[in-house]
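Take a look at the structure set out below.
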Amino acid sequence: ASSIGGKKHSISTDYVLKVLGLDICSDTFVGNDMLRGVSGGQRKRVTTGEMIVGPRKTLFMDEISTGLDSSTTFQIVKCMRNFVHLMEATVLMGLLQPAPETYELFDDILLLSEGYMVYQGPRGKVLEFFESLGFKLPPRKGVADFLQEVTSKKDQAQYWADPSKPYVFIPVSEMAIAFKNSRFGKSLESTLSAPYDKSQSHPSALSRTKYAASRWELLNSCFAREKLLMTRQSFLYIFRTFQVAFVAFVTSTIFLRTKLHPVDEINGNLYLSCLFFGVVHMMFNGFSELSLLIFRLPVFYKQRDNLFHPAWIWSVVSWSIRVPYSAIEAVVWSCVLYYTVGFAPSAGRFFRFTFAQFVLHQMAVSLFRMLASLARDLVVANTFGSASLLLVFLLGGFVIPKDQIKPWWVWASWLSPLQYAQRAVSINEFTATRWKKISAIGNNTIGYNVLHQHGLPSAKYWYWLGVGVLIGYAVIFNIIVTLALAYLNPLSKGKAIVPEETEENSVRKDVESEKLTSDSSSAQGSSKKGMILPFEPLAMTFHNVNYSVDMPV
């Protein structure tokens, strides 16, 4: 049944959701710092289910019970047990003080202490081994707690049960030697020392590919997920579309065509100002992609490191699925603004204007995606994003004409994408027939004077050159995004550290303590070794807290 296509979920997915107790929140957001989602225990189970629902046959799970109650831990371990027995898999799991019913679910036990392997073998034989050493499990005592304390010097004596000889502490090293000499250790050694017959292995036992599915299947899966995420975030995109329409309407009322006429350079400067504002607005609309990508990076890094999909597929899909939205924004902006302001009425110039806005929006989206993938932190990305916007606007050719930029900054103006966008839309407008009237100032046309006044070229080929450069920038930025996602790792967070007190440091502290004039209590407090925390610890008190735990059946 799980191999039948055309269903929203496969049988294995539904089974994992049911066993992990996630079926009640299967359509709920996982959540983050700003969005309330599933609980902490459910989030851990989501991570577990994310790993076991695929084709993996070997799992290494360390301290998965941290922050979970015993009932939830029992359910997860029981699911792992079913996964191992039914799917012929192997799971190596480390738990901290598991409950007795959870301990009984394991097949084999591996007991490590102080760097020694004290025991490795069937769960039912571990007590027999320790009884051979003279230790016995007392009544009403969990086996897991017994194994954890029997190797401790402080708690070992209470388990001594050999009345024929007095108790003497048995260190972990001697326990490890006793295990190697026991029948359990010899059986394990004979099993591991036997040569492996490769002819008995199945050709498909080991994976010969890096990823579990083909590139086409991974591409379709990533595309379906991006489509689903855009559907879930439909309010954001709908709101942004209405925002574009509203800003275009307000702009058209400011630069209303009834008050603008292509008769002189003064009106031409107003038309050019409207064009520049449209270019700036499209640049700002791409800024929201910066935070959207930052919030998705933790999940991406986890899935990339677990070989869910390659970075280039995720990058290409997340870029391509935003192309239609860029087209929608450009069409909405152009339809509301173009003829209301009274730009050149030719249909060809309208479509060229719309195409330039579309390419500009794609370049802006790619620029901020690149900054997010390189910074990998929201604060750092916002800082660099704001700085890049200021530089792009300043060197865009409208705030400061290119002819007035200092010679040592001319090279930076050629690198500004906004300059090519401004040139494209300006050439598209001011090379129209209505701007070819001879100006009262000089012997040139009005359109030529307006362009020349702001240091803009007048050749028609600059439209396609500007659009081509914007497309090139979009491609280059997305290539950098792909490389950053493939080779950069997430930024490490600050952790609490405990400084090691060396002999030199202790002598220095003694010398300094002699010079202090504080009382003895403060001197004693300063000599204590503590932990350096990146925050100030606070004490919290709760009143009337009720906690309910489902008992396993």
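Backbone N, Cα and C atoms are what each Cβ position is placed from, and that goes for glycine too.
Please treat TrEMBL annotations as automatic predictions, because they have not gone through curation.
Feature annotation from TrEMBL assigns compositional bias 'Basic and acidic residues' to 505-517.
As annotated by TrEMBL, compositional bias 'Low complexity' applies to 518-527.
Positions annotated as domain 'ABC transporter family G' by TrEMBL: 97-147.
The feature domain 'ABC-2 type transporter transmembrane' is assigned by TrEMBL to 219-430.
Residues or ranges marked as domain 'Plant PDR ABC transporter associated' by TrEMBL: 435-498.
Among the features that TrEMBL reports, region 'Disordered' is placed at 502-528.
Annotation source TrEMBL lists transmembrane segment at 235-258 (among others).
Beyond the transmembrane segment (270-295), the same-chain residues lying 6 or more positions past its ends with a Cβ under 8 Å from any Cβ of the stretch are 32, 236, 240, 244, 247, 251, 255, 260, 262, 318, 322, 329-330, 333, 337, 341, 343, 357, 360-361, 363-369, 371-373, 375-378, 381-382, 385, 389, 392-393, 396, 398, 418, 421-422, 425-426, 429-430, 450, 454. Marked as transmembrane segment by TrEMBL: 270-295 (among others).
Packing against the transmembrane segment (379-400) from elsewhere in the chain are residues 272, 276, 279-280, 283-284, 287, 290-291, 294, 367-368, 371-372, 409, 412-413, 415-419, 421-423, 454-456: each is 6 or more residues past its ends and has a CB under 8 Å from a CB in it. Among the features that TrEMBL reports, transmembrane segment is placed at 379-400 (among others).
Away from its own ends, the transmembrane segment (461-488) comes close to residues 300, 304, 310-312, 314-316, 319, 352, 355-356, 359-360, 362-363, 365-367, 369-370, 373-374, 376, 417, 420-421, 423-424, 427-428 of its chain (Cβ-Cβ under 8 Å, at least six residues beyond either end). Feature annotation from TrEMBL assigns transmembrane segment to 461-488 (among others).
Helix, strand and coil counts under DSSP for the domain 'Plant PDR ABC transporter associated' (435-498) come to 36 helix, 3 strand, 25 coil.
Along the domain 'Plant PDR ABC transporter associated' (435-498), the predicted structure has mean pLDDT 85.
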